[in-house]
Amino acid sequence: MRKFAYCKVVLATSLIWVLLDMFLLLYFSECNKCDEKKERGLPAGDVLEPVQKPHEGPGEMGKPVVIPKEDQEKMKEMFKINQFNLMASEMIALNRSLPDVRLEGCKTKVYPDNLPTTSVVIVFHNEAWSTLLRTVHSVINRSPRHMLEEIVLVDDASERDFLKRPLESYVKKLKVPVHVIRMEQRSGLIRARLKGAAVSKGQVITFLDAHCECTVGWLEPLLARIKHDRKTVVCPIIDVISDDTFEYMAGSDMTYGGFNWKLNFRWYPVPQREMDRRKGDRTLPVRTPTMAGGLFSIDRDYFQEIGTYDAGMDIWGGENLEISFRIWQCGGTLEIVTCSHVGHVFRKATPYTFPGGTGQIINKNNRRLAEVWMDEFKNFFYIISPGVTKVDYGDISSRLGLRHKLQCRPFSWYLENIYPDSQIPRHYFSLGEIRNVETNQCLDNMARKENEKVGIFNCHGMGGNQVFSYTANKEIRTDDLCLDVSKLNGPVTMLKCHHLKGNQLWEYDPVKLTLQHVNSNQCLDKATDEDSQVPSIRDCSGSRSQQWLLRNVTLPEIF
């Protein structure tokens, strides 16, 4: 009997422990689920503290997100909403971990504590919840608190409900002041940024796009350069966040900003002269002729002094070159700080529509910057893009007055001292179409790329792909590509201009109208029956098919 009672006690005790274990297991399991939901960015509860070690989960440490096959169709539909993989973005934590992609020399740099404060201004229009809030969290989690004055979110007339009251409720719970400012009507990036800058309080204004992720140590190097010289405007290295997988890929510290003949921003290799100026130290900032425009920091007072943005420009486009020219020509400095890295989702297409169409807006903006800042070189641009001259570009008197007040240098100074490797040839004999006398067709780059054959097509008189420059170096040039022949009878290809003559040296005879390739001693000829879309090169015969009319343009003296 005693033994039976003892067994009952043991059994009851064991049962209690089993029940207690089950309770604890269920409790912590549910807690983990709560944490997981919170990390994935559901707008409830407080935000997580800065990530100290890599999490486990989709996209952690910047790794790509792979969507299962059964969800591919849904993924494609969701992609159309923002022109990036929204499904992948929503699977990633709002405070995901990222690799430290800085150069080793950057990781040991020490910055003073008394750097200026910054307001981070982020403009958004119908942005995805996950990308917008991931931008905000990355700023908060990876910025020294005493340097981050506030974050200003400027809503450019978004239509999505979750960007209204739910957004305001969410950001109120963050540990840094986050203000949501609303534009009354769709105004575009330029005017929305001006609104954000006007309400900001920091000593420095940092502009970011709404689909960025800041990495460790991103802010201090930017603020340190501005503290060193308040007239220095600084950009981080822009890393790539894949629009397909949200993989985080480090950008290169060996590229800087330039522009092509059509005034489109382009990345080009950092020239040797800039490497020499830095004595080979890649951790030092790169002086860049232009900036991409989406991500940069500027002293708030200096921003006002040099004229903020041109408020006469519409929506987006051209404002980055305009402010770049203005900074350099009016006594400032523009740098890429190689120890600062910020990721950006690069999309292949824009999900937005613009009143009047994108082309019309960009033409107007480019016309304004050309008229105010490019002096006689604006004529070069107008030959490339004659449609620009037909747009109404508004009143520029206040911008011309600003240039006079600031005693800014001419554009020729900018090309000679800041951007001597510009694609714009400063010395040339001819600019325009190159027309074959027999066929009445024109050379055409066909929007082809480096190492592809130059084309020939019916002359259309609209500039663009049919504009070639016969330069003072006797190159036949289209933007940064030159006509090149490496063997007898061709083909005639387009290669990067190397300025070493050789295979890119052409002699034009204004009497015979021939374009003779000096190395091969052959002449440019019309297309052959075998390939009707490319010119040929043959032994010089004096035939009409080897005669070419070059458009000689009378421009103001710029030689």
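Cβ coordinates are placed from backbone N, Cα and C, and glycine is handled just like the others.
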**Q.** Which range of 45-65, 444-464 is region 'Disordered', per Swiss-Prot
**A.** 45-65
Q) According to Swiss-Prot, Asp209, His211 bind Mn(2+); which one of His344, His404, His427 is listed for that same site? A) His344
(Q) In Swiss-Prot's disulfide listing, Cys408 is paired with one of Cys330, Cys482, Cys497. Which one? (A) Cys330
(Q) Quick check: of the binding-site residues listed here (Asp209, His211, His344), which one has the Cα closest to that of Cys408 (disulfide bond)? (A) Asp209
Q: Mind tallying the region 'Catalytic subdomain A' (115-225) by DSSP state, helix then strand then coil?
A: 46 helix, 28 strand, 37 coil
Q: With DSSP as the yardstick, break the region 'Catalytic subdomain B' (285-347) down into helix, strand and coil residue counts.
A: 17 helix, 21 strand, 25 coil
Q: Rank the disulfide-bonded residues Cys330, Cys408, Cys523, Cys540 by the number of other Cβ atoms within 10 Å of each Cβ and report the first-ranked residue.
A: Cys523
Q. Which of the listed recorded positions (Asn95, Asn141) has the least company, meaning the fewest other Cβ atoms within 10 Å of its Cβ?
A. Asn141
